[in-house]
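S.K.: Annotations per TrEMBL:
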- A:21-48: transmembrane segment (TRANSMEM)
- A:89-295: domain 'ABC transmembrane type-1' (DOMAIN)
- A:93-115: transmembrane segment (TRANSMEM)
- A:124-144: transmembrane segment (TRANSMEM)
- A:164-197: transmembrane segment (TRANSMEM)
- A:218-243: transmembrane segment (TRANSMEM)
- A:276-296: transmembrane segment (TRANSMEM)
Amino acid sequence: MAISPAEASEIVRKKDIRSRWLLSAPALILIAVAGVGPLLIVVVYSFLAPGNYGDVKWEFSTEAWFNVLLSRDIFDDTVTLADAHLSIFLRSIQLAIVTTVLCVVFGFPTAYFIATRPIHTRQIWLFLITIPFWTNMLIRAFAIQEVIRNEGIVNSLLMGLGLIAAPIPMMFSDFAILVGMTYVFLPLMVLPLYASIDKLDFRLIEAAYDLYASRFNVLMRVIVPLVKPGLIAGSILVFIPALSSYVIPRVLGGGKNLMIGNLIELQFGQGRNWPLGASLSVTLVIIVLFAMLYYVRNASRSGGTHG
Amino acid sequence: MQRKLGFAALALALLGSTAIAHAEGELNIYNWGNYTSPEMIKKFEDTFKVKVTVTDYDSNDTALAKIRQGGHGFDIVVPSASVMPIWISEGLLLESRPDQMENFKNVDPQWVDVPFDPGRHYSVPWQWGTTGVTVNKSAYAGDINTSAIFLDPPAELVGKVNVVPEMSDVMHMAVTYAGGEPCTGDKAILKKTRDILIAAKPKWASMAYGNVEQYIKNDLMAGVNWNGASFRARLGNKDVAYGYPKEGYPIWMDNASIVKDAKNVDNAKLFLNFIMDPENAGMISTFARYANGIKGSDAFMPADMKGAPEIDIPEELKAAGKFNLACAPEIQEIYTKIWTELQK
């Protein structure tokens, strides 16, 4: 029996679709099993009641979600905004944003410097950038503590030179957290920025100078728009781990003020309230999601005007 | 020469493996990290020809979650007093009756009728300690046996205080300082506790773990601390002293017990009896540097631990110490709220 050309192309098309699904199946399964699945468990747990000593009771409850944003006063039962949770979220977001900005400020010149070196030395510079990744983050946090503590390297150096009489207290502050997070996450900004700057057509910069653009204008109106994809990728890579960072606030911030990560840990550990921990985790995911949407929309809009 | 050594090592390894093959069984211990004396384990293996495997955990929550899941293969677990009632009430432990074992006579009577395991039907004391206050005497010469050291710090100590971020310990001390019982649900006391904590916090330098070095180097002058950590700090700085708050302080104790679904019950019972022997208990303390609950074991401990003020509680302050127990869930929720508000 003969097949019409239309049917034949239909069969080919179906085969093609099937092979595409099959080829992408490993990736899809991995995402489902390792990404969506566990997240769904977290979502389910956030709608359960806390067990007496950790774990959960299998009964539906929205109490955890109520407690994320609202708080029933322990003493007079009035319901107010959960001031404690909100201020912890706000501080975490602020510190993550400042960390991202600091990483851009220090990462951009670094990436630019590397990208403008001769090809054979670039590899060495990139290699140097990745060296900190060889060490565990906890150890790096303690190393920073050694640098900035009261009798640490910086203070003893300054005191030895006679520049200061008493040590400058730097440990256990937001400053210490920012130093630590910027140091730890800087490579995540430098590498994507480098990838963008590497592809930069330097003739465009020459052209801008030929048209009498000032150095500032060249940077802001030529270079930055061209390396924007790298800037956005780097910002996402820095912002997300900074927002949920746990070890650095604990070690360098002195733990007096919680960050989101510490607050979640408290609920699963000493607080024994897993549903609240789960709903706080989902809230964190939602915040990250909104931040990503914001970045991506920003990126596509600017891409449109330049395209 | 090199080659000969290699052969010797190989021969030894072979000998070792045959020794294991001849062993009369296994014992799987699930214990806190860096807490099990390797010499003591070696002695147990050699005495009973049993192959022992030690696996670490880092918190009571981790251990509880793992054993609840089942299929873990562990025989011995060492839960803290605070969570023992949970382990027992959920049927996770075997009623192995250590109180009927041969060496039970060595257990210090004060640790027999404990609230979390009356008469010791399930567990044997492993090690115990207290949470109190560490003070550097060069900075402050006043009375150190009070929680006021961190809840209402004297001017000399303001800004140099560390509070370990261990909610149950800190809340225990704050509640008793405010005049209540640990795990109280009394709203007036809790309100007072919260106000005391929030007023005290600006006078603290940090809320962090692992601060032995900082006490030695005078970065910290006072704080809530564990007796063992304070002891190690004193060995490095003679000004460091340890106080037992007279208002109330928590006692913790970790207790070796047999898991309900243990596969090597006989070996596990041998082990419980083994660690109630003073010499073996002394080995545990020599390694992890905390007191155990076995009479006569101090004869087998290093000289610096004998009579250490961090280990021997003064007679008049003994009554102020109470076991830290897990609070009821609804009380715990309030404590967590106060704790979160303190750290917002």
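Using N, Cα and C of the backbone, Cβ positions are placed for all residues, glycine too.
TrEMBL labels come from automatic prediction, so no person has curated them.
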S.K.: Sequence gap of 6 or more, Cβ distance under 8 Å, 3 or more pairs: do the transmembrane segment (A:164-197) and the transmembrane segment (A:93-115) meet that?
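M.R.: These two stretches do touch.
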S.K.: Before we move on, state whether the transmembrane segment (A:276-296) and the transmembrane segment (A:21-48) share at least 3 Cβ pairs under 8 Å, counting only pairs 6 or more apart in sequence.
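M.R.: Output yes: the transmembrane segment (A:276-296) sits against the transmembrane segment (A:21-48).
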S.K.: I need to check the long-range neighbours of the transmembrane segment (A:124-144): which residues 6 or more away from its ends have a CB within less than 8 Å of a CB in the stretch?
M.R.: 110, 113-114, 117, 176, 179-180, 183-184, 187, 190-191, 194, 247-248, 251-252
S.K.: Determine which residues of the chain contact the transmembrane segment (A:218-243) at the Cβ level, with the cut-off under 8 Å and only residues 6 or more beyond its ends counted.
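M.R.: For the transmembrane segment (A:218-243), the nonlocal Cβ contacts are 92-93, 95-97, 99-100, 103-104, 107-108, 111, 181, 185, 188-197, 200-201, 204-205, 208-209, 260, 284, 287-288, 291-292, 295-296, 298-299, 302-303, 306.
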